[in-house]
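Database features, via Swiss-Prot:
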type	residues	note
BINDING	43-50, 90-93, 156-159	GTP binding site
DOMAIN	48-140	domain 'G'
Amino acid sequence: MKNFEVLQPLQNSLSGLPLWVSERILQQINQLTHYEPVIGIMGKTGAGKSSLCNALFAGEVSPVSDVAACTRDPLRFRLQIGEHFMTIVDLPGVGESGVRDTEYAALYREQLPRLDLILWLIKADDRALATDEHFYRQVIGEAYRHKMLFVISQSDKAEPTSGGNILSTEQKQNISRKICLLHELFQPVHPVCAVSVRLQWGLRVMAERMIKCLPREASSPVVALLQHPFRTTVAREQARDDFGETVGAILDTVSTFPLIPAPVRTIIQAVRSSVVSVARAVWDFFF
(Lines of atoms letter the chains of each structure in order from A and count residues from 1; the text may use other names and numbers.)
(Lines give C-alpha, C1' and ligand atoms only; values in the text may rest on other atoms or scores of the structure.)
Protein backbone atom coordinates (compact mmCIF):
# COMPACT_ATOMS: atom_id res chain seq x y z
CA MET A 1 0.00 0.00 0.00
CA LYS A 2 1.36 3.38 -0.99
CA ASN A 3 2.03 5.97 1.66
CA PHE A 4 -0.53 8.41 0.26
CA GLU A 5 -3.23 5.70 0.55
CA VAL A 6 -2.23 5.00 4.16
CA LEU A 7 -2.21 8.73 4.90
CA GLN A 8 -5.84 9.04 3.70
CA PRO A 9 -7.38 8.00 7.06
CA LEU A 10 -5.06 10.47 8.81
CA GLN A 11 -6.06 13.14 6.32
CA ASN A 12 -9.72 12.42 7.04
CA SER A 13 -9.12 12.82 10.79
CA LEU A 14 -7.63 16.28 10.07
CA SER A 15 -10.42 17.39 7.71
CA GLY A 16 -11.72 20.05 10.12
CA LEU A 17 -8.44 21.99 9.88
CA PRO A 18 -7.36 24.52 7.25
CA LEU A 19 -5.61 22.77 4.35
CA TRP A 20 -2.20 24.35 5.02
CA VAL A 21 -2.30 23.17 8.64
CA SER A 22 -3.32 19.59 7.82
CA GLU A 23 -0.69 19.44 5.05
CA ARG A 24 1.99 20.59 7.48
CA ILE A 25 0.97 17.89 9.97
CA LEU A 26 0.84 15.17 7.29
CA GLN A 27 4.24 16.24 5.98
CA GLN A 28 5.77 15.82 9.44
CA ILE A 29 4.06 12.45 9.94
CA ASN A 30 5.45 11.32 6.57
CA GLN A 31 8.94 12.40 7.67
CA LEU A 32 8.45 10.44 10.88
CA THR A 33 7.72 7.24 8.93
CA HIS A 34 11.05 7.69 7.10
CA TYR A 35 13.14 8.44 10.19
CA GLU A 36 16.56 6.74 9.96
CA PRO A 37 17.79 5.62 13.39
CA VAL A 38 21.50 5.59 14.20
CA ILE A 39 22.65 2.98 16.71
CA GLY A 40 26.20 2.74 18.00
CA ILE A 41 27.68 -0.57 19.09
CA MET A 42 30.83 -0.58 21.18
CA GLY A 43 32.99 -3.20 22.82
CA LYS A 44 36.51 -4.52 23.04
CA THR A 45 38.01 -6.70 20.31
CA GLY A 46 36.24 -10.05 20.28
CA ALA A 47 33.15 -8.86 22.15
CA GLY A 48 30.96 -10.18 19.35
CA LYS A 49 29.65 -6.92 17.88
CA SER A 50 29.24 -8.25 14.33
CA SER A 51 27.63 -11.51 15.37
CA LEU A 52 25.12 -9.70 17.60
CA CYS A 53 24.16 -7.29 14.80
CA ASN A 54 23.78 -10.17 12.34
CA ALA A 55 21.63 -12.07 14.83
CA LEU A 56 19.33 -9.12 15.62
CA PHE A 57 18.90 -7.30 12.33
CA ALA A 58 17.72 -8.27 8.86
CA GLY A 59 18.05 -6.40 5.58
CA GLU A 60 20.71 -5.50 3.06
CA VAL A 61 23.90 -4.16 4.64
CA SER A 62 26.19 -1.68 2.92
CA PRO A 63 29.27 0.07 4.34
CA VAL A 64 28.88 3.86 4.19
CA SER A 65 32.25 4.95 5.56
CA ASP A 66 34.35 6.95 3.11
CA VAL A 67 37.55 5.01 2.40
CA ALA A 68 39.42 8.32 2.27
CA ALA A 69 38.09 9.37 5.66
CA CYS A 70 40.28 9.77 8.72
CA THR A 71 41.19 6.40 10.20
CA ARG A 72 39.82 7.60 13.54
CA ASP A 73 36.33 7.79 12.06
CA PRO A 74 34.18 4.84 13.13
CA LEU A 75 32.93 2.33 10.59
CA ARG A 76 29.32 2.92 9.59
CA PHE A 77 26.96 0.39 8.04
CA ARG A 78 23.54 1.10 6.56
CA LEU A 79 20.77 -1.48 6.75
CA GLN A 80 17.73 -1.41 4.48
CA ILE A 81 14.42 -3.26 4.26
CA GLY A 82 12.05 -1.71 1.73
CA GLU A 83 11.74 2.00 2.49
CA HIS A 84 13.25 1.68 5.97
CA PHE A 85 16.90 2.42 6.73
CA MET A 86 19.07 2.30 9.83
CA THR A 87 22.73 3.11 10.38
CA ILE A 88 24.95 1.10 12.71
CA VAL A 89 28.11 2.83 13.92
CA ASP A 90 30.88 0.45 14.98
CA LEU A 91 32.59 2.19 17.90
CA PRO A 92 35.92 1.00 19.35
CA GLY A 93 36.01 -0.44 22.84
CA VAL A 94 38.14 1.13 25.54
CA GLY A 95 40.73 -0.33 27.87
CA GLU A 96 42.94 -2.00 25.26
CA SER A 97 45.37 0.88 24.72
CA GLY A 98 45.90 3.99 26.86
CA VAL A 99 47.03 6.05 23.85
CA ARG A 100 44.02 4.99 21.82
CA ASP A 101 41.61 5.66 24.69
CA THR A 102 42.52 9.37 24.57
CA GLU A 103 41.68 9.42 20.85
CA TYR A 104 38.49 7.47 21.45
CA ALA A 105 37.32 9.96 24.08
CA ALA A 106 37.36 12.70 21.42
CA LEU A 107 35.65 10.41 18.91
CA TYR A 108 32.86 9.52 21.35
CA ARG A 109 32.26 13.14 22.34
CA GLU A 110 31.79 13.88 18.64
CA GLN A 111 29.53 10.90 17.95
CA LEU A 112 27.31 10.80 21.06
CA PRO A 113 24.94 13.64 20.08
CA ARG A 114 24.24 11.91 16.74
CA LEU A 115 23.33 8.50 18.14
CA ASP A 116 19.88 7.33 19.19
CA LEU A 117 21.31 4.51 21.32
CA ILE A 118 24.61 2.77 22.08
CA LEU A 119 24.82 -0.95 22.76
CA TRP A 120 27.83 -1.32 25.07
CA LEU A 121 28.99 -4.94 24.86
CA ILE A 122 30.98 -6.40 27.74
CA LYS A 123 32.15 -10.01 27.44
CA ALA A 124 30.88 -12.35 30.12
CA ASP A 125 34.47 -13.31 30.99
CA ASP A 126 35.87 -9.74 30.95
CA ARG A 127 37.00 -8.73 34.43
CA ALA A 128 39.12 -5.68 33.48
CA LEU A 129 36.41 -3.03 33.79
CA ALA A 130 38.22 -0.17 35.57
CA THR A 131 38.91 1.68 32.29
CA ASP A 132 35.32 1.14 31.15
CA GLU A 133 33.99 2.61 34.38
CA HIS A 134 36.31 5.64 34.14
CA PHE A 135 35.35 6.20 30.49
CA TYR A 136 31.65 5.93 31.32
CA ARG A 137 31.89 8.57 34.03
CA GLN A 138 34.28 10.97 32.30
CA VAL A 139 33.20 10.75 28.65
CA ILE A 140 29.62 9.49 28.61
CA GLY A 141 28.68 11.42 31.74
CA GLU A 142 25.21 12.38 32.92
CA ALA A 143 24.24 13.91 29.57
CA TYR A 144 24.26 10.62 27.64
CA ARG A 145 23.68 7.90 30.25
CA HIS A 146 20.15 7.43 28.92
CA LYS A 147 21.59 6.44 25.53
CA MET A 148 23.56 3.46 26.89
CA LEU A 149 22.27 -0.11 26.96
CA PHE A 150 24.80 -2.47 28.55
CA VAL A 151 24.85 -5.98 27.09
CA ILE A 152 26.80 -8.90 28.55
CA SER A 153 27.86 -10.76 25.41
CA GLN A 154 29.02 -14.34 24.90
CA SER A 155 27.20 -15.50 28.03
CA ASP A 156 28.04 -19.09 27.07
CA LYS A 157 31.65 -18.24 28.05
CA ALA A 158 30.66 -17.49 31.64
CA GLU A 159 32.28 -19.82 34.17
CA PRO A 160 32.12 -22.77 34.39
CA THR A 161 32.34 -23.16 30.61
CA SER A 162 31.16 -26.43 29.12
CA GLY A 163 30.78 -25.78 25.39
CA GLY A 164 27.31 -27.31 25.57
CA ASN A 165 24.10 -26.16 23.91
CA ILE A 166 22.44 -24.76 27.02
CA LEU A 167 23.62 -22.60 29.90
CA SER A 168 24.16 -24.46 33.15
CA THR A 169 22.55 -23.33 36.40
CA GLU A 170 25.99 -22.25 37.63
CA GLN A 171 26.58 -20.17 34.49
CA LYS A 172 23.21 -18.45 34.89
CA GLN A 173 24.05 -17.67 38.51
CA ASN A 174 27.39 -16.15 37.48
CA ILE A 175 25.69 -14.12 34.74
CA SER A 176 23.24 -12.80 37.36
CA ARG A 177 26.21 -11.79 39.51
CA LYS A 178 27.80 -10.06 36.51
CA ILE A 179 24.57 -8.14 35.89
CA CYS A 180 24.55 -7.02 39.54
CA LEU A 181 28.21 -6.00 39.26
CA LEU A 182 27.55 -3.85 36.17
CA HIS A 183 24.58 -2.20 37.87
CA GLU A 184 26.81 -1.45 40.84
CA LEU A 185 29.72 -0.11 38.74
CA PHE A 186 27.82 1.92 36.15
CA GLN A 187 24.43 2.59 37.77
CA PRO A 188 22.87 2.53 34.30
CA VAL A 189 19.54 4.09 33.38
CA HIS A 190 18.38 0.91 31.62
CA PRO A 191 18.53 -2.68 32.94
CA VAL A 192 21.59 -4.67 31.85
CA CYS A 193 20.95 -7.42 29.27
CA ALA A 194 22.79 -10.72 28.81
CA VAL A 195 22.93 -12.68 25.54
CA SER A 196 24.59 -15.59 23.82
CA VAL A 197 24.38 -15.44 20.05
CA ARG A 198 25.80 -18.96 19.75
CA LEU A 199 23.01 -20.37 21.91
CA GLN A 200 20.38 -17.86 20.70
CA TRP A 201 19.85 -17.06 24.39
CA GLY A 202 18.55 -13.74 25.73
CA LEU A 203 18.17 -12.13 22.30
CA ARG A 204 14.39 -11.69 22.39
CA VAL A 205 14.48 -9.98 25.79
CA MET A 206 17.38 -7.81 24.65
CA ALA A 207 15.57 -6.78 21.44
CA GLU A 208 12.44 -5.82 23.40
CA ARG A 209 14.50 -3.85 25.90
CA MET A 210 16.36 -2.07 23.10
CA ILE A 211 13.06 -0.95 21.53
CA LYS A 212 11.93 0.39 24.90
CA CYS A 213 15.20 2.34 25.33
CA LEU A 214 15.07 4.05 21.94
CA PRO A 215 13.70 7.56 21.40
CA ARG A 216 10.05 7.40 20.38
CA GLU A 217 10.72 8.42 16.79
CA ALA A 218 13.33 5.66 16.36
CA SER A 219 11.59 2.56 17.74
CA SER A 220 9.28 1.81 14.79
CA PRO A 221 11.92 1.75 12.02
CA VAL A 222 14.19 -0.38 14.24
CA VAL A 223 11.35 -2.89 14.77
CA ALA A 224 10.91 -2.99 10.98
CA LEU A 225 14.59 -3.97 10.63
CA LEU A 226 14.66 -6.69 13.31
CA GLN A 227 14.89 -10.34 12.35
CA HIS A 228 11.36 -11.77 12.30
CA PRO A 229 11.59 -13.78 15.59
CA PHE A 230 12.36 -10.56 17.47
CA ARG A 231 9.42 -8.58 16.05
CA THR A 232 7.46 -9.74 19.07
CA THR A 233 4.10 -8.44 20.23
CA VAL A 234 5.86 -6.58 23.07
CA ALA A 235 8.30 -4.88 20.66
CA ARG A 236 5.62 -4.02 18.11
CA GLU A 237 3.16 -2.61 20.66
CA GLN A 238 5.91 -0.49 22.24
CA ALA A 239 6.75 0.92 18.81
CA ARG A 240 3.07 1.45 17.96
CA ASP A 241 2.56 3.39 21.22
CA ASP A 242 5.70 5.44 20.53
CA PHE A 243 4.48 6.26 17.02
CA GLY A 244 1.09 7.40 18.33
CA GLU A 245 2.72 9.54 21.03
CA THR A 246 5.05 11.12 18.49
CA VAL A 247 2.16 11.95 16.16
CA GLY A 248 0.42 13.54 19.15
CA ALA A 249 3.57 15.56 19.85
CA ILE A 250 3.57 16.76 16.22
CA LEU A 251 0.05 18.14 16.69
CA ASP A 252 1.08 19.78 19.97
CA THR A 253 4.03 21.46 18.27
CA VAL A 254 1.98 22.71 15.32
CA SER A 255 -0.67 24.10 17.67
CA THR A 256 1.98 26.30 19.34
CA PHE A 257 3.07 27.94 16.06
CA PRO A 258 2.71 31.75 16.39
CA LEU A 259 0.65 31.99 13.17
CA ILE A 260 -1.98 29.47 14.29
CA PRO A 261 -5.26 31.31 15.09
CA ALA A 262 -6.89 30.46 18.42
CA PRO A 263 -9.96 28.73 16.82
CA VAL A 264 -7.64 26.46 14.78
CA ARG A 265 -5.60 25.68 17.90
CA THR A 266 -8.83 24.61 19.60
CA ILE A 267 -9.66 22.27 16.69
CA ILE A 268 -6.17 20.73 16.78
CA GLN A 269 -6.57 20.01 20.49
CA ALA A 270 -10.06 18.57 19.89
CA VAL A 271 -8.96 16.12 17.16
CA ARG A 272 -5.66 15.12 18.81
CA SER A 273 -6.86 11.88 20.43
CA SER A 274 -8.65 10.68 17.27
CA VAL A 275 -5.59 11.42 15.11
CA VAL A 276 -3.38 9.48 17.54
CA SER A 277 -5.84 6.55 17.43
CA VAL A 278 -5.78 6.54 13.63
CA ALA A 279 -1.95 6.72 13.64
CA ARG A 280 -1.81 3.65 15.90
CA ALA A 281 -4.30 1.84 13.65
CA VAL A 282 -2.29 2.41 10.44
CA TRP A 283 1.10 1.67 12.07
CA ASP A 284 1.24 -1.82 10.52
CA PHE A 285 0.99 -0.39 7.01
CA PHE A 286 4.00 1.86 7.59
CA PHE A 287 6.18 -0.59 9.50
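Note that the numbers count up from 1, one per residue, in the order the chain is shown.
Note: Cβ is positioned from N, Cα and C throughout, glycine not excepted.
Cβ neighbour count for ASP90 (GTP binding site): 17 (other Cβ atoms within 10 Å of its Cβ, all protein chains included).
For the domain 'G' (48-140), the model gives a mean pLDDT of 84. Looking only at other Cβ atoms within 10 Å, the busiest spot among the binding-site residues GLY43, PRO92 turns out to be GLY43.
For the recorded site, GLY43 (GTP binding site), the DSSP three-state label reads strand. When secondary structure is read from DSSP and collapsed to three states, PRO92 (GTP binding site) falls in the strand class. Ranking the binding-site residues THR45, ALA47, LYS49, ASP156, ALA158 by other CB atoms within 10 A of the CB puts THR45 at the bottom. In the three-state DSSP classification, ALA158 (GTP binding site) falls within coil.
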